[in-house]
Amino acid sequence: MNILSCSINTFKELLYDISGVEVGQHFYWQIGGFQVHGQVLITSWVVIAILLGSSILAVRNPQTIPTDVQNFFEYVLEFIRDVSKTQIGEEYGPWVPFIGTLFLFIFVSNWSGALFPWKIIQLPQGELAAPTNDINTTVALALLTSVAYFYAGLTKKGLAYFNKYIQPTPILLPINILEDFTKPLSLSFRLFGNILADELVVVVLLSLVPLVVPIPVMFLGLFTSGIQALIFATLAAAYIGESMEGHH
């Protein structure tokens, strides 16, 4: 119990320190004595509006013979379903909405930063950036994933889920506990680092050379942005499947 308590306290302190990581000048709101990252909320609302608008457009008038738009969204849904089924197994059904939401939010957020350099928008104070450019967003998504796989394991196995911490031998208890903390950290830092680096490269090139020159870098950013969204969603599904099956 002392090991678990120390690990939790250390993890909480680490998350608090991470939340203060800044690159560039952030745009803040003061709400009820709290300092809120306004640029994350603004760009997140833009991303959510794009996703909601696209969803409404896709289901507004479904056809027996699908249109091009309907075909596209059906393909996206099938792709997400296949990823979930491959990683989670036969009980993937209830998790498709969660995995799909993660994938689509991260994908559109990443692409918004790759296609449109938010930092060039002039604000009285601070600057805008893609939602996934902020460590608080990626940590929040990673923690949601952690909650999801704990919930999946406890729902499937009950308290027997915690037997995994002493398998194959109780000596590995500290390492197995540490693994639950390293998973969200690796998820969040991988996504944050890649998206931040991509946006910084594009902004620097735009400030130094004509618009045409950074275009190849922007295309590379689009590719890596899509890959990062897929990696995050795939790992999230794999962690959920692992917690339900009980194997590593």
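Positions of Cβ are set from backbone N, Cα and C atoms, glycine also.
Feature annotations, courtesy of Swiss-Prot:
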- 39-59: transmembrane segment (TRANSMEM)
- 96-116: transmembrane segment (TRANSMEM)
- 135-155: transmembrane segment (TRANSMEM)
- 200-220: transmembrane segment (TRANSMEM)
- 221-241: transmembrane segment (TRANSMEM)
Stretch among 39-59, 96-116, 135-155 sharing the most Cβ pairs under 8 Å with the transmembrane segment (221-241): 96-116
Positions on the same chain near the transmembrane segment (96-116), where near means CB under 8 A and six or more residues out: 43-44, 46-48, 50-51, 76-77, 80-81, 83-84, 129-133, 137, 141, 144-145, 148, 191, 195, 198-199, 202, 218, 221-222, 225-226, 228-230, 232-233, 236-237
